[in-house]
Amino acid sequence: MNRTGATRPLRAAESQPDETAIKPFRRLWLALTLSSLGHWLSVPALIAVVGALTRDDDLPVQAQAIAGVLVLMVLPALLLGPPAVLLAGRLDRRITMVAVDGVRFALVVSVPLVDAVPWTLAVAFLVAFGTLLWFPVAAAVLPAVAGGEPEEGYEEARRSLLRGGYGSAPVAALLFVALALVGDAAFGVADRADLAVFAAAVVFLAAAATTFTARALSTATAGAAAGLGALSAPLKLLFQGQRRSGRTQPDGPPVAGAGAQAGGAHAAVSPASGPVRGLVLAGTVVALTAVAVFAVARLHARDLGGGDAGYGSILAGLTIGAAFGLFLGPRMLAPLSRRRLIGLAVIAAALALVPVALVQNLVVVVFLAAFLGLACGVAWAVGTRSAQDTARSFAYLRALALVTGLVAVAAVPPLAGLIGAHRLSLGGAVYDLGGPAAALLVVAVLALPAALVAFRRLDDRRGIPLLADVAAALRGYAYTPPELEESGPAVVRDRGVFIAFEGGEGAGKTTQARLAAIWLRDHGYDVVSTQEPGATKIGMRLRAMLLDQETTGLSARAETLLYAADRADHVANVIRPALERGAIVVSDRYVDSSLAYQGFGREQDVSSIARVNAWAIGGLLPDLTVLLEVPPETGLGRLASPADRIESEPHEFHERVREGFRALADADPDRYLIVDAGRPQAEITREIQYRIREILPDPIPAGTEDVTSTFPAIKDA
Ligand code: TYD
């Protein structure tokens with residue numbers, strides 16, 4: 001309800017520049033997409049080749065050959081990122097791109113001609129190294145071909161490149177299925193795989209031709225390769241612990257991780273807090289489950305009676321599912337807590353492994369793989385966004401996924417070979433459990449507990465029933481515990497407005513509440529400025545007890561009840577009377593402080609505290625709650641006076657309080673304004689004023705904050 005017609009501030013620019021309209025950019029996009037398609041097609045093609053070459057060997061030998069190809073295709077990204085960036089920075093951009101794909105064409109073509117496992121492995125490594133060179137070069141060219149766009153345009157162009165690069169994976173899988181079907185019909189067992197290999201070679205050639213004919217790319221020298229936030233040393237990043245990224249990259253797995261500046265622009269943050277550990281575990285489960293299926297797909301498909309086409313179908317299911325998950329994840333079940341969604345998605349992924357392993361029908365397995373991919377995609381997309389929220393580095397998660405992926409490709413196929421096929425007889429019925437299926441079950445046994453712990457660590461709505469939460473989200477609204485909704489006679493107000501300011505220590509809410517009250521008074525409103533705890537006579541005595549450092553041994557429940565008592569008195573004697581006479585009440589803290597501090601901070605059951613407080617306040621909730629968000633370390637650093645009893649709590653306590661506030665606000669976005677309190681004060685004040693304006697009983701024309709004296713007083717304060 002913005003009756004003032006004022007434009008909302010701080011809204012991201014709504015029109016994105018259409019980067020594909022720029023011709024050299026379109027060339028670059030096409031070349032990169034083709035080059036990636038070649039890469040993604042080479043993976044199953046080379047695996048099919050080693051599969052064909054080892055077809056007369058035992059399962060362990062076949063499994064090792066497959067693991068070999070996959071390990072060699074992951075290793076470059078893990079070990080050779082920095083040298084690739086350096087090398088790419090020294091070479092002419094266009095020549096590099098042409099040469100990389102030209103050489104890859106020749107390498108891939110040579111595979112069927114040489115027809116030997118060691119050479120195929122060497123080619124796998126070199127093809128992947130080529131991809132590693134390609135991306136930094138493309139990213140270096142980008143600022144120039146995006147036409148010196150403003151930041152927004154560059155970002156959008158970068159994302160579009162990433163979409164092309166990763167989006168070509170499902171296309172490659174489908175192409176592989178088609179080629180395998182033709183191969184099965186037209187060639188003998190030994191040569192079937194060659195068709196896909198030749199196709200990959202042709203795609204590389206097309207990529208080389210695309211860059212060769214794009215002369216604009218060679219003059220494009222803007223941006224040093226090393227400055228791209230390009231591929232970094234993931235291992236180094238992992239060993240150094242988690243780092244805060246200056247520029248996080250929320251959309252999908254980027255090629256250009258933020259870790260290139262690992263030695264410089266990043267400030268180390270503690271990886272210790274529960275939600276961060278939860279996120280780390282969730283990332284591990286995503287990489288482990290998805291990569292395990294990817295790695296044994298060929299052996300598993302064969303057990304299920306499928307050939308290379310069956311193998312390709314599992315890959316297609318997995319990658320198409322993942323693409324949908326990455327796209328839909330952030331939009332999925334919008335009213336549900338994002339953290340709960342990540343937890344649920346990783347549990348779903350781990351659980352899906354069980355039927356993927358046990359169901360003996362290839363078509364069903366393809367759909368199950370798609371479901372698993374979807375769950376992984378959702379968890380990844382939402383998790384990396386939340387990594388950005390908590391200022392934890394995206395690059396860390398990416399590095400973690402790479403290492404987990406490497407372990408999975410190195411271990412799961414050999415495990416399948418080691419376990420081998422078993423015939424189980426269960427009460428007369430016979431069940432054939434193949435080695436790959438058994439290996440997937442082992443992964444499920446590892447992944448499921450990890451997923452459950454991740455869910456628990458991430459859960460920011462503890463005490464709120466999961467089913468009710470999900471059911472409400474499915475119907476499109478956020479679940480509020482009934483205790484907070486019902487109970488007590490809600491006030492009937494015709495004119496009053498109730499605004500609460502909330503936030504952790506030193507977030508600046510007292511200042512902002514005061515400024516808002518002044519601004520409202522200037523506009524002629526009857527404003528009552530108040531705060532918790534201690535707005536009434538009794539409240540002052542309670543406040544003294546609650547905040548005095550001398551108060552020792554106060555139990556968490558007693559503390560909760562004392563805050564609730566203060567609040568009950570506050571509502572009865574200050575807030576309710578003011579609202580009934582039509583005033584605007586601005587309160588520095590209200591019920592959310594108890595949910596955040598006594599609930600999340602003290603790790604008590606949030607719904608019980610909500611119930612007690614609902615009774616204390618008679619169901620009176622603010623019309624708007626302004627949440628000022630600041631990291632505890634910053635907020636506590638701002639405090640001038642000696643710390644009181646609550647402020648002296650350890651860092652983790654304040655971290656939980658912050659997460660708690662955030663969860664409450666995320667669950668009810670219409671009633672909250674979340675403000676990043678790290679920005680300049682005047683900017684914050686303005687943002688708050690815009691939002692308050694929307695709920696005021698009488699219109700205030702935009703811009704009048706400068707000419708307040710011309711406004712008629714509605715009532716003297
Ligand atoms: P106060 O001196 O009013 O400072 P602040 O500017 O942080 O509001 O201190 C209030 C303290 O009481 C603060 O540390 C938060 C805590 N508190 C709770 O723990 N639960 C509550 O319900 C309320 C209202 C406050």
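The backbone N, Cα and C atoms fix where each Cβ goes, and this holds for glycine too.
Remember, it's a predicted structure, so these values are computed and weren't measured experimentally.
Residues or ranges marked as ATP binding site by TrEMBL: Gly503, Gly504, Glu505, Gly506, Ala507, Gly508, Lys509, Thr510. The annotation domain 'Thymidylate kinase-like' is assigned in TrEMBL to 501-688. The transmembrane segment annotation in TrEMBL covers 28-53, 65-89, 121-145, 165-183, 195-214, 220-239, 279-297, 309-329, 341-358, 364-383, 395-416, 436-455.
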Lowest local Cβ density (other Cβ within 10 Å) among binding-site residues: Gly503, Gly506, Thr510: Thr510
Stretch-level contact, the transmembrane segment (65-89) and the transmembrane segment (165-183), CB cutoff 8 A, at least 3 pairs: no
Per-region confidence, the domain 'Thymidylate kinase-like' (501-688) (mean pLDDT, whole number): 90
Set of same-chain residues at least 6 away whose C-beta sits under 8 angstroms from Gly508 (ATP binding site): Leu628, Val630, Arg638, Ala677, Gln681, Ile684
Check: same-chain CB within 8 A of ATP site center, minus Gly503, Gly504, Glu505, Gly506, Ala507, Gly508, Lys509, Thr510: Leu628, Val630, Gly635, Arg638, Ala677
Of 165-183, 309-329, 341-358, 395-416, 436-455, whichever stretch has the most CB pairs under 8 A to the transmembrane segment (279-297): 395-416
The transmembrane segment (195-214) versus listed stretches 121-145, 165-183, 309-329, 436-455: most Cβ pairs under 8 Å: 165-183
Other C-beta atoms that fall within 10 angstroms of the C-beta of Gly504 (ATP binding site): 27
Sequence-ordered binding-site residues from Gly503, Gly504, Gly506, Ala507, Gly508, Thr510 with Cβ under 6 Å of an atom of ligand 1: Thr510
Segment-segment contact (the transmembrane segment (165-183); the transmembrane segment (364-383)) at 3 or more Cβ pairs under 8 Å: no
Protein Cβ atoms within 10 Å of Ala507 (ATP binding site), excluding its own: 26
The transmembrane segment (309-329) touching the transmembrane segment (436-455) per 3+ Cβ pairs under 8 Å rule: no
List of residues, in chain order, with Cβ under 8 A from that of Glu505 (ATP binding site) and at least 6 apart: Pro632, Gly635, Leu636, Leu639, Ile646, Glu647, His654
